[in-house]
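S.K.: I'd like to ask you about the structure that follows.
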Amino acid sequence: MEMKLVPCLVVSILILCSVTRVRSDASNHRYKVGDDVPLYVNKVGPFHNPSETYRYFDLPFCSSGPTKDKKEALGELLNGDRLVTAPYKLDFLNDKDSKIACKNKLTKEQVAQFREAVSKDYYFQMYYDDLPIWGFIGKVEKEGKNDPSEYKYYLFKHLHFTIFYNKDHVIEITAQSDLNSVADLTEDKEVDVEFMYSVKWKETEIPFEKRMEKYSQSSSLPHHLEIHWFSIINSCVTVLLLTGFLATILMRVLKNDFVKYAHDEESAEDQEETGWKYIHGDVFRYPKYKSVLAAAVGSGTQLFTLTIFIFLLALVGVFYPYNRGALFTALVVIYALTAGIAGYTAASFFCQLEGTNWVRNLLLTGGLFCGPLLLTFSFLNTVAITYSATAALPFGTIVVIFLIWALVTTPLLVLGGIAGKNSKAEFQAPCRTTKYPREIPPLPWYRKTLPQMAMAGFLPFSAIYIELYYIFASVWGHRIYTIYSILFIVFIILLIVTAFITVALTYFQLAAEDHEWWWRSFLCGGSTGLFIYGYCLYYYFARSDMSGFMQTSFFFGYMACVCYGFFLMLGSIGFRASLFFVRHIYRSIKCE
């Protein structure tokens, strides 16, 4: 089943890649002098709260005529984009000087609304021929004033557009506010505002194919690359030291164990066994809550597959900056298409553990990750609706996502589960399990589950925490992250460290004659997700300026889902590594 799924997934990913490319090439328009080049205003919001964005005309901006919404794709809607025609008209190669876009008489309430927006550092975002434009809507004058009540608030009225072109293509655009052309918003009184703009066209030698490179290169500057490579070297040194140290110890200890057990068998059959061989009759005893474990392993395997395909798309250049919604579209589509892997993995493993109610196990697999995600989304979408923010999904988009889940995800999950149930795979335990379990001897506190999880999660986290800052600054800020090759290397390092530390802790647990390693290995492998969530607390309070109920709930709500996904994915990696290791060492000795 898994081998059959891979070609289907590859074809689907190629289709997704081509669709995304078509979307990115849609702006490859050739213009003639005087042609109307599309300019859309997107959203406004507090600069430090990336999730709290509103429609451009939610603020009392005026328009030169009737506005028209641009039709958005699924990923763009998930990204919070709500494009609408702009009041500015930037015709191809037509310079303009102090052109009036529109006039507006602001009421006292509208002045107060603008003043509050300016005080919160509201920015605007526009798209011109699919090129992004950023700017602030106003400024606060604080010089020489200690009392906030004495601050002056100003609204920018004049935008200067500088547009670079190469033959018949738009290459680059910048927008600068005229700091001298402002409207005073300090007092609650009616204000007449004339929104004006100027346009200056300049020729450039940059070809159209490279017009997005300046955004990609911003995260590849030498001082940034030095930090990234330092992170890689630091992680590699950590991996080499850790794996070398543990491998030396484990190989030496295991070699001594094998020699000792072989000698014991030759010298005295009635000699009392000690260590991990002593529990050979219990180590493959099926764990408690095996249905939940099978569902967790299935969900984690699906998320691991999803992550690998996302990396493949990133490495081939699909997720270039401002390819609006490409990442969200890929996440939704690939997660739906990989549901069969979760169903197959969970059902086959559950049946190997001699589970009987595989239908209930399949339902559990389908809801283990989607359930918490749905609850979180429902709450946060309600918050966004209350705030009238663009993060609130339209009803039609919710229906589309539901149909994808009902018509793609669920059938694939069921088909995968049926294939897994009928795979007739056996568990292949190298030792026969005794009828009655042995009593686990008293263990010191540091061998308990929580201390072991803390130890197992800290080491993988220490290998990735430098890179986490740049990812957070991109997702929850305005930095651009495009160094996916380095991120992929860090991800591979994370997998290696997680697998190795989990195997080492599993061995020490078995050596202490504790045979309940199944859940321990999963929890230890996934504990890195808890450390990442702990880093969320540090980032929010120490490294960011986010504030407000909506932004706080979005940050901690969605990061909880992401960290939970990491917990399931890395937990399944740790469990698989430990299962392979335990089978190997017990296959290497003679057990009666």
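Glycine too: its Cβ is placed from the backbone N, Cα and C atoms.
Automated prediction, rather than curation, is the source of TrEMBL annotations.
Taken from TrEMBL, the feature signal peptide covers 1-24. Sequence annotations record features per position, and here TrEMBL assigns transmembrane segment to 227-250, 292-320, 326-350, 362-385, 391-415, 453-472, 484-510, 522-542, 554-582.
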S.K.: Mind pulling out the one from 227-250, 484-510, 554-582 with the most Cβ pairs under 8 angstroms to the transmembrane segment (362-385)?
M.R.: 554-582
S.K.: I need to check the long-range neighbours of the transmembrane segment (484-510): which residues 6 or more away from its ends have a CB within less than 8 Å of a CB in the stretch?
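M.R.: Contacts with the transmembrane segment (484-510): 228-229, 231-232, 235-236, 238-239, 242-243, 246-247, 249-250, 253-254, 275-276, 279, 283, 307, 311, 314-315, 319, 447, 452, 455-456, 459-460, 463-464, 467, 471, 517, 520-521, 524-525, 528, 570, 573-578, 581-582, 585.
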S.K.: Cβ under 8 Å, sequence separation of at least 6 from the ends of the transmembrane segment (227-250): give me the contacting residues as numbers and ranges.
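M.R.: Distant contacts of the transmembrane segment (227-250): 459, 462-464, 466-467, 470, 483, 486, 489-490, 493, 496-497, 500-501, 503-504, 507.
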S.K.: Same chain only, please: residues at least 6 beyond the ends of the transmembrane segment (554-582) with a C-beta under 8 Å from a C-beta of the stretch. Say none if there are none.
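M.R.: 51-52, 283-284, 293, 296-297, 299-301, 303-304, 307, 368-369, 372-373, 376, 379-380, 383-384, 391, 456, 460, 476, 494-495, 498-500, 502-503, 506-507, 510, 517-518, 521-530, 532-533, 536, 540, 546.
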